[in-house]
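Enquirer: The structure is given below, and queries will be raised subsequently.
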Amino acid sequence: MNTNYPILEIKNLKACINENEILKDLNLKIHKGEIHAIMGPNGSGKSTFSKVLAGHPAYNILSGDILFKGSSILNLDPEERSHMGIFLAFQYPIEIPGVSNEDFLRLAYNSKQKFLNKDEVDPISFFTIINEKLKLVDMSPVFLSRNVNEGFSGGEKKRNEILQMILLDSELSILDETDSGLDIDALKIISKGINTFMNQNKAIILITHYQRLLDYVQPNYVHVMQNGKIIKTGTADLAKELESKGYEWLK
């Protein structure tokens, strides 16, 4: 699906942290119904890119623009961007001691409901909603009573991130190395959740080092990032080429 305007358009974006310029004239267009993979060596700017999209306050925009559904989001804080439909799955999900997963997820869900001028849901109604979503990431309802990410395995933390994405029904999801540290079984579960969630009204950005995630989640485009900009774009075959050749041949 290719709508008249991109769901996300990044124009000549320059961004820095502590006066260190990391993103350098970055350009990218993503339409609804598309999955884009972003690959690149360590230090290429991939994680900075994801945090800048989500509105992380540590990063400063030097020039350029980020348009989401045709409107600039540079002046919006992370919560506003989230309510508009942007979701970031962290590479290293944080633990929140003393807060149950169910309470955390219900708070996030009701916060978005309020933003959309929809009725908030009570705990009983929410349990019915979340129970259906749990099945998509192969998790037991027992998981809801545990504190957020506390004592979770790496795979459980990543599944929890995908669960949040599904629950919030985000239009643009940025998955920052969601596949890192996963065994093959966990990778398959995560991929199933992503593929079930994806449709023609959504777009996903996969940030990854490895081809293996792309064996299960088929991207429409693969971009290579180096030194803060996209230096090459191709199909899923580009990821396979990178797997066999590395990044040196692109220099």
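Note that Cβ sites are derived from N, Cα and C of the backbone, with glycine treated the same way.
Below are the features I grabbed from Swiss-Prot:
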- Gly40, Pro41, Asn42, Gly43, Ser44, Gly45, Lys46, Ser47: ATP binding site (BINDING)
- 8-250: domain 'ABC transporter' (DOMAIN)
Enquirer: In the same chain, outside Gly40, Pro41, Asn42, Gly43, Ser44, Gly45, Lys46, Ser47, whose C-beta lies within 8 angstroms of the Cβ mean position for the ATP site?
Expert: Met225, Gln226
Enquirer: For the domain 'ABC transporter' (8-250), what's the mean pLDDT in this predicted model?
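Expert: Across the domain 'ABC transporter' (8-250), the average pLDDT comes out at 90.
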Enquirer: By a simple count, how many Cβ atoms lie within 10 Å of the Cβ of Gly45 (ATP binding site), its own Cβ left out?
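Expert: Step by step: centre on the Cβ of Gly45 (ATP binding site), count other Cβ atoms within 10 Å, giving 22.
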Enquirer: Take the Cβ of Gly40 (ATP binding site) and count every other Cβ within 10 Å, whichever protein chain it belongs to.
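Expert: Step by step: centre on the Cβ of Gly40 (ATP binding site), count other Cβ atoms within 10 Å, giving 25.
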